[in-house]
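Read the structure below first, then the notes.
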Amino acid sequence: MIRMRTPSTLPFTKMHGAGNDFVVLDLRDGPDPSPELCRALADRHKGVGCDLVLGIREPRSARAVAAFDIWTADGSRSAQCGNGARCVAAWAVRAGLARGPRFALDSPSGTHEVDVLDADTFRVALAVPRFAPESIPLFGHDGEQDLYEADLGDGTRVRFAAVSMGNPHAVIEVDDTATAPVARVGRAVQASGLFLPTVNVGFARVESRDRVHLRVHEYGAGETLACGSGACAAAAVLMRRGRVDRNVSVVLPGGELRISWPDDAADVLMTGPAAFVYEGTFLHASV
């Protein structure tokens with residue numbers, strides 16, 4: 001007699017923010033998903049398909065209505081996700097956890113104030129940008145610089161800015177984002193050893209004082225349609241260098257985010273959409 005193993009069931013919600021897509025799990029009464037399960041969920045052919053997995057947790061701070069943890073498509077953990085924060089905010093509103101127009105969420109990188117602007121638009125205070133190499137962390141460079149240079153080992157030299165938005169970012173200014181070598185250079189910077197354990201690599205073009213185009217090669221996921229923390233990182237770098245105003249639109253392949261940074265000591269504010277796609281049940285032996 002052949003015994004068929006009955007798979008466990010895992011309810012989930014599929015969401016996206018400007019095309020950056022997520023599998024959202026309610027983990028308030030459950031364990032962390034294993035790296036294997038995260039990879040299975042993220043698989044676009046054999047799973048649900050997503051850039052990252054978001055796990056809803058009970059709040060960790062007194063003023064938060066919920067907390068969330070983040071896993072990339074390769075099963076590794078992440079400390080920050082701007083688009084994910086907006087989606088968790090929308091999830092919290094729908095679940096009845098957040099009842100007013102302003103509330104807070106806890107992420108692995110800290111506590112974030114959220115403003116509900118309409119049914120599917122949220123503003124999140126992401127973080128105060130940190131530029132000191134040791135706070136990113138960036139290795140092999142002594143002292144803080146506006147731009148760093150690195151030899152990527154294949155004859156390619158790049159100039160980049162570096163910043164932490166709760167997670168590490170390298171920002172490279174380019175003439176044309178459409179033709180920028182996002183995958184090749186993004187992977188090379190990630191493998192360079194300059195950032196440990198790794199880094200998100202953004203390729204930015206300034207169109208005007210209030211408009212920036214951006215593509216981002218994320219660690220653990222590759223290029224995504226949008227990266228909220230990457231948009232904040234690019235905007236903060238360009239604002240600090242005087243290239244753009246303190247309130248800009250960042251245009252990504254999947255949509256547009258509004259980024260503002262009132263002053264150097266303030267959190268960067270990110271405004272953008274959060275969308276529910278569908279709800280379902282995932283069947284997997286390792287759940």
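Just so you know, glycine gets a Cβ as well, placed from its N, Cα and C.
The following features are taken from Swiss-Prot:
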type	residues	note
BINDING	N20, G82, N83, N167, N200, E218, Y219, G228, S229	substrate binding site
ACT_SITE	C81	active site, proton donor
ACT_SITE	C227	active site, proton acceptor
SITE	Y278	site 'Important for dimerization'
Please compare the binding-site residues N20, N83, N200, S229 by how many other CB atoms fall within 10 Å of each one's CB, and tell me which has the fewest.
N200
These are the recorded positions: Y219, Y278. Which one scores highest on other Cβ atoms within 10 Å?
Y219
Want to know which recorded positions, from N200, Y219, C227, S229, Y278, are within 10 Å of C81 (active site, proton donor) at Cα; which are they?
C227, S229
Using Cβ-Cβ distances, find the residues under 8 Å from C227 (active site, proton acceptor) that belong to the same chain and are at least 6 apart in sequence, listing them in sequence order.
N20, G82, N83, N200, G202, L214, V216, E218, L252
Give the sequence-ordered set of same-chain residues, not counting N20, G82, N83, N167, N200, E218, Y219, G228, S229, with Cβ within 8 Å of the centre of the Cβ atoms defining the substrate site.
S78, Q80, C81, G84, V216, T224, C227, G230
C-alpha of Y219 (substrate binding site) to C-alpha of Y278 (site 'Important for dimerization'): distance in Å?
26
Consider each pair of residues in N20, G82, N83, N167, N200, E218, Y219, G228, S229, all listed by the record as binding substrate, and report the largest Cα separation in Å as a whole number.
17
Length of the line joining the Cα atoms of S229 (substrate binding site) and Y278 (site 'Important for dimerization'), in Å:
25
Using a 10 Å radius around its CB, how many other CB atoms surround C81 (active site, proton donor)?
31
